[in-house]
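TrEMBL annotations:
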| type | residues | note |
| --- | --- | --- |
| SIGNAL | 1-23 | signal peptide |
| BINDING | ASP83, ASP361, HIS365, ASP402, HIS403, HIS479 | Zn(2+) binding site |
| BINDING | ASP83, HIS196, SER198, GLU356 | Mg(2+) binding site |
| ACT_SITE | SER133 | active site, phosphoserine intermediate |
Amino acid sequence: MLWKPYDISFILLIIFIVKCCSGDEYHNTKREIFRSQRYLRNEKERNSEYWMNQAQETVKRHATRTEGHPRTSARNIVLFLGDGMSVPTLTAARTLLGQRNGRTGEEAELYFETFPTLGLAKTYCVDAQIADSACTATSYLCGVKTNRGTIGVTGTVERGDCPTSVDPHNHVESIAAWALADGRDAGIVTSARVTHASPAGAYARVAQRDWESDADVRKDGHDSTACPDIAYQLVHQHPGIDFKVILGGGRREFLPNNTVDEEGTFGKRLDGRNLIDEWQIDKIAKNVSNAYLWNRQQLLNIKDQLPEYLLGLFESSHLQYNMEKNADTEPTLAELTETAIRSLSRNKNGFFLFVEGGRIDHAHHENQATLALDETIELSAAVARASELLDETDSLLVVTSDHAHVMAFNGYTHRGGDVLGPSDSLGDDGLPYMTLSYTNGPGYRASNAVGRVDVTKDKDFGSTQWLYPAMVPLSSETHGGDDVAVFARGPHHAMFSGLYEQNVIPHLMAYAACIGPGKHVCDNS
């Protein structure tokens, strides 16, 4: 069938409408259908005990890999999360890094690819074959798998089920809470909103990842006082209220909808609360030094006199992409990471820090591979900075991803060929195709009367905003179901080798640091 011009216009209009009206700009689920109303399910997986026991069995098996090694524990833990950082993303990003440095590229390494241990994690969640960033955050931060779209709760809680989500029996604790309970400090750093799904896994318990402000809860017909939103939980509930460092984006979730932030954007909240002010009031009442920051210069100015508590919200929504940001106002992920580590390192007992390169995922959803690879390189730089600041003998660094994406790295290009460009070979139709492409997403181009479109003739071809081609039209590209890589350096890094369930990751970190539930290396010292 040949597509007519008005058919293409209609498709673009539908994509625009879906994109504008969805709850999350990158994770639309409104158009999902189910081939069958019945699917196999292990009811035991709804309970946290099932996953905790499963993880501890894995920990016990992996512990044999460090027998005979020094029994020292990890004082500090930093978990780096490349959101959507699939294995093809790693390969393409390292190649781009090498080519930026004047080399052929394929032989290059991202910093964390030099770590001594590499493993693979399985990312599915309780109710979904292919995961989102909410159920995976619960997995790699709380040690329990749960349903897609839910955070910090067991599989008993279905997405959007407000009443069930507030039952304490359905709550799970994060490794950040385990660290605080041991007298250590905790913090989060992200290039996304601090209320987004990944960082929220460190502190929130919510039935719907989209409930970042009370306006989102109300929009779904729920009472926001009964089911507190994610921003409120960060400021007023444990463990978020006790985080020493909170750095990222998302000012709009903390401000009333009649309040304009420092850069001229209105807040979202309908309850009239200014949670930034309330965060500061809480710290003043506790007689602890604190600071709220909104731009890079403030961050740089404060680094030599860090307060006890630090809140930095550098954008109304997500931080800008590294390649598009205003360098005067927007800090790099490495700068945020360094500030967090210098702040948390003052606790002699140690700390847990979560650092997310959140915009890798967003660029993939937009089929903007250039931006996705650059954001991956930015995460590598942040890991490198952390490695310089923290001693390998007492600090465990773990780098992983929450889920994959559907970007393919394909063709038969010569060694050193531009990883961002077209393949050396042509399609059977005589037209070029890209070395990087997607199986679905907004980069879909409908065929014309002759056949496939030559995408290299696009007016914006080669720009950072250019959309890499996709096979299936979607307003937002989907996640992939691939296993994701896990890299580790520091005490008991060998524990992280092999293939395992994603929810084992925090238990392995807890083993090495002697915090939280279950088996610890200190038990045998």
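Residue 1 is the first one shown; counting continues down the chain.
Any Cβ shown, glycine's included, is placed from N, Cα and C.
Recorded features from TrEMBL, shown on the structure.
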residue	record	contacts (Cβ under 8 Å, 6+ apart)
ASP83	Zn(2+) binding site	SER133, ALA192, SER198, GLU356, GLY357, GLY358, ARG359, ILE360, ASP361, SER401, ASP402
HIS196	Mg(2+) binding site	SER133, THR190, GLU212, GLY250, HIS318, GLY358
HIS365	Zn(2+) binding site	TYR26, HIS27, GLY84, HIS405, GLY441, SER476, GLU477
HIS403	Zn(2+) binding site	GLY84, SER86, THR123, ILE130, ALA131, ASP132, SER133, THR136, HIS479, GLY480, GLY481, VAL484
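Sitting within 8 Å of the Cβ centre of ASP83, HIS196, SER198, GLU356, and not among those site residues for Mg(2+), are the Cβ atoms of LEU81, SER133, ALA137, THR190, ALA192, ALA197, PRO199, GLY357, GLY358, ASP361, ASP402.
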